[in-house]
Each structure stands twice: as C-alpha cells, then as structure tokens.
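Data first, discussion second: the structure below is written as structure tokens.
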Amino acid sequence: MPSAPTWPALITTLIEGRHLSVSESTWAMRQVMRGEATPAQLGGLLVALRASGETVDEIVGFRDAVLEEALPLDADPRALDIVGTGGDPYGAVLNISSVASVIAAAAGVPVIKHGNRGASSASGASDVLTALGVDLSITPERVAEVLRETGITYAHAALFHPGFRHAAATRRELGISTLFNVLGPLCNPARPEASAVGVADLSRVPLMVGVFRTRGATALVYRGDDGIDKLTTTGHSHIWEVSRGAVTEHDLDPLELGIPRAPIEALLGEGVEQNAEVIRRVLAGEPGPQRDVVLLNAAAGLEAFDLMGDPTRVQQPMARRLREKVAIAADAVDSGRAAAKLEEWAAATRA
C-alpha cells in the first residue's frame, strides 16, 4: 500500500524533474484549500511546479480538489464563461473579458463569469465589476437567482472558493504567474458547458486544452501573438477549438474581420477606476481600438456557446464565424442593450 503523501516528498519529486500524479495533486490542493499547508510549503510547490512545468494530470488533480471544496452554485450549466488566465507581460491589460461577458449576455447568451481580484494583474475582474456597481457580497443562492433574473451572474472566487484565501498572500508575494492562473478558468463552480478562455503563457496552452478535452467540454482557447490572454488586435492570435474531445487549431488575423490593427498601448488599462470608465464608454458606443478588441472577444464567447449546441460549426472557417459574431456583438452595444444589461445586472445584485 503506497505511503501517504507528504510535502517534502512531493516537492522533492518536482525538484528531481518528475511530476505528481492526479491523486498527489488532489492531496496537495486539498491541504491548501483547507489551510493546512504552510506558506513555505505552498510557495515551494508553486515555484517547483513553475520551474518543472505543470502537467495535465497535475492540473486535473488540483482542479478536482478545488471543486470538491467549493460552495455549490445551483445554475443551468448550459451557459458561457469568458475568462482569462492573467499573467500577461504587461500586467495592465483592460478588463476585456468582463465587458465581453456583458455584451454576450445582452446578445441573449446566459453567462456565468468566474473570476477574482487581481493577483498577477493590476485590475482583476472582481475589482472592475465592483467599480461598475456589481455587488460581490451576495450569497451563493442570490448569485444563482441573479442569473435567472438577468441572464448574467458572477461567481466571485473568494465567495465560492473560500479556501483560496489561504493562497492569496503567497501568490501576491511571489508576484508571478502560478498554477492558480491556469486553475481559475477551470474552476467555475457552475461548471458551464461553454468556455472562451484566454491564456497568456504559451507553454500552458496544452494544459488548458488538455483539461477541456478530457472533460469533453466545449471551449475556444486563445492567445494573442503579443502575449496577452485575449484575442488581440495588435496582430495575429492563435485559437485552439475544443469540441467533443477533438482540437482544431486556427490562426486569426483581425484584418480578415475588418478590424484594424491597434498598438498594444491602446489595449492597456491604468487601474480599476480608469478601466471601469473605459468599459462604460465602450458600452455607450464609443468607437476605437478598445471597442474593437472587446467586440472581437465577445464574438469568441458567442461562438463558443453556439459551438456547444452545434458541433458541426467546426467545419466552417473560423474567420467567417467570428465575423458574424462581431456583428451580433456590435448590435448589442449600438442598440443600447449592453449598457442596459450592465445596469440591470448591477441593480439585481443590490436588490
């Protein structure tokens, strides 16, 4: 009978260039989520994993433990999550996924967004949504009710994964992208069946794709060639389309969609309040590079949701599919529905 895992044994395994099994990873993350791991043990684990490179089995084990310890979210899983890993080299990219989620909901897609406060970025989804008037202090039951009432809700990681608080200080002090950046998009407590996920670190794309593939989930996983965890407008992006256990790769040039190039500076935010103000202007219909990149990423979410219902869409060119979805997203903004959706959502969380 194998001996029970210990922290020295697991960290030694990683230092020696070997990897953890699913069960060892589950044990370690369970220790973290229950507050039974010391900061030194957690820091050692995170750095050793970062140095050795995480595997799909390790991420699956960590994810299983996080969801096992999560508070339940009683919601229809036929929904969409648009999310990014964070950890891009700029550390200050506009909260594109948050506003794209509002636009997708305004276009009629049920959205269950999952996120947290900034750890490896200046402004996390929770930070900017709070600035936009969304109350994150509501109960898990109310989170589900808000979805049924408005078509969009937010699963604040600190609420549904209270064990994450045990890792917050270590993550903040390390100041680097860690396995938690990969875990976040995989640990939505509602387990929505469609995901649009941006990954900043190219070496971690196979992890994200591999986990979605083993789950039989539907997802568009993407990365800008400029290193941001979004579909970018500064140049090309790469997309990994996951459907029914198969993966199809695409190269996307936004020029194919009629979207002009933008400098990276146009996609960067300056802080929580400034990002919130940019989002308000985008939802009000202001043209420019911020609008362009938001519509493109909203389109990815809309396409992921449609792919969930119709897997044969993989046979169509990605550029054509996204061009159609950009038009739908633009209409949701220009009609005023997206701005109204944000106000409706925020009001529901405060009711």
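Cβ atoms here come from the backbone N, Cα and C positions, even for glycine.
As the structure is a computational prediction, the values presented were derived from the model and not from experiment.
Summarising the annotation, Swiss-Prot assigns 5-phospho-alpha-D-ribose 1-diphosphate binding site to Gly84, 87-88, 95-98, 113-121, Ala125. DSSP assigns Ser98 (5-phospho-alpha-D-ribose 1-diphosphate binding site) to a helix in the three-state reduction.
Feature annotation from Swiss-Prot assigns anthranilate 1 binding site to Gly84, Asn116; the stated evidence is sequence analysis. A C-beta separation below 8 Å, combined with a sequence spacing of at least six in one chain, links Gly84 (5-phospho-alpha-D-ribose 1-diphosphate binding site) to Ile96, Ser97, Pro185, Val197, Gly198, Val199, Ala200, Asp229, Lys230.
Annotation comment: Swiss-Prot describes Ser97, Lys230 as Mg(2+) 1 binding site, evidence class sequence analysis.
What Swiss-Prot records for Arg171 is anthranilate 2 binding site.
The Mg(2+) 2 binding site annotation in Swiss-Prot covers Asp229, Lys230.
In this structure, Gly115 (5-phospho-alpha-D-ribose 1-diphosphate binding site) is part of a beta strand by DSSP. The binding-site residues in question are Asn95, Ser97, Ser98, Asn116, and the one with the fewest Cβ neighbours inside 10 Å is Asn116. Annotation for Gly115 (5-phospho-alpha-D-ribose 1-diphosphate binding site): same-chain Cβ neighbours under 8 Å, separated by at least 6 residues, are Val83, Ser97, Ser98, Gly124, Ala125, Ser126, Leu129, Tyr154, Ala155, His156, Ala157, Gly184. Comparing Cβ neighbour counts within 10 Å across the binding-site residues Arg171, Lys230, the minimum falls on Arg171. Its own atom aside, the Cβ of Asp229 (Mg(2+) 2 binding site) has 27 Cβ atoms within 10 angstroms in the protein chains shown. When the Cα atoms are compared, Asn95 (5-phospho-alpha-D-ribose 1-diphosphate binding site) and Arg171 (anthranilate 2 binding site) turn out to be 20 Å apart. According to its DSSP assignment, Lys230 (Mg(2+) 1 binding site) is coil.
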